[in-house]
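**Student:** Quick one: the structure is below, and I'll ask about it shortly.
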Amino acid sequence: MARKSSSPVPPASSTPAAAAEPPDAKKTPSLASLRSEIDRMDKELVAILNRRAEIAVQIGKVKNSNGMEIFSAAREEEVLAKVLGASQGPLPQDTLRLIFRELMSGTRSLQRTLRVACLGPKYSYSHLASVAKFGEAVEHVPLGSIAAVFEELNRRHVQFGIVPLENSTDGRIADTLDMFTKLPNLKIRAEVRLRIHHCLLGRCEWSQMRRVYSKSQAISQCRNWLGKNLPQAAKIEVVSTAAAAELAQREEFAGAVASKPAAQAYRLNILAENIEDQSNNVTRFAVIAETPEARTGRDKTTLMARIPNDPGSLVKTIAPLEKMGVNMTWIESFPIPSAAGDKNPAYLFFLDVEGHIDDPIVQKAVDSIRKRCERLDVLGSYPRSEVIES
Ligand SMILES: O=C(O)C(=O)C[C@]1(C(=O)O)C=C[C@@H](O)C=C1
């Protein structure tokens, strides 16, 4: 944006009157003039934002007439990368990210209001991840279970779902992997890696607390802290951290391990912050939808492979990755539910590899892997993402 000549910063002057002023008075513009400069820039900003929104409305029409989807994770990542790359000013990258997240959320909503399902109630970490990805200008639909998120998406009651995949402290989220085995047609369109800071919330003193509610993974992520600081309290697992906060609000002598925003939403006191045992506690969420995501050049692909329970079977299955130089970034084994009791059950493996399924080398490696599997599903290719601070 070009600076106008009406800048409040006074030009250097050598007139006798200016020379008579104390040196500091010359350098420091008045508060009023600085604020009027901000007011002027805000007007320019609003005009530019509205011009941007008008273009987005036109893009929406083009998308509609071509039968294209409104949300594009690939394009939004591209916009963010360009914005962050172009910035040279003092604004922190996280701040710019937040501003552009809401900007794109707002322009997207002019094209169509999206419905995004997540594990609720509101202010669960899934809800926070959904806000981190889609912004506030979507209809967040909090549901009672991870299975319900998949089912609502499959019934087309929502356009997107967001589900936790794995946590850096606690490992895979079995409920999510289980639902991919049941609905492998749903595609991962984006990932959200959210740094999770847990708080102890409640209305009583720690010493009076008899029960602490939370989701099993959150209890597990704070196990040492809870054992040391609240040995007297029973740890009770509930469906989500936000559901735990709701219970802690209703019950006397109860607490919850939940997010900071949940404290305000459920009118609870923050009794302790950052109680996770490992400071680098990150949960990776998957944004799921019916259709696949476009290639960005900075992608990863998630595969679900059912392989025979034979010696060396896994090594043989993933050998093409090494041969073709495709990097694997995640592997998780998962027993096949229907095979319980089976003497020699096959196993499912979830794998992440770098690259998009439309990259010829990835396609070739996946084709080779498929030949060595009983079944292979490509659960989606999507842009790789940075960790977002919560
Ligand atoms: O570029 C597009 O496809 C747009 O619709 C514009 C825009 C944006 O505001 O920048 C909005 C929604 C999309 O998910 C991606 C980007």
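Placed from the backbone N, Cα and C atoms, the Cβ positions cover glycine too.
Heads up, TrEMBL stuff is auto-annotated, nobody curated it.
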**Student:** Looking at 1-32, 289-320, which one does TrEMBL call region 'Disordered'?
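**Tutor:** Per TrEMBL, the stretch marked region 'Disordered' is 1-32.
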**Student:** Using DSSP, how many residues in the domain 'Chorismate mutase' (25-115) fall into helix, strand and coil?
**Tutor:** 71 helix, 1 strand, 19 coil
**Student:** Determine the mean pLDDT over the domain 'ACT' (302-383), rounding to the nearest whole number.
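**Tutor:** A mean pLDDT of 91 is what the model gives the domain 'ACT' (302-383).
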**Student:** Could you give me three numbers for the domain 'ACT' (302-383), the DSSP helix, strand and coil residue counts?
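**Tutor:** Helix, strand and coil residues of the domain 'ACT' (302-383) number 27 helix, 31 strand, 24 coil.
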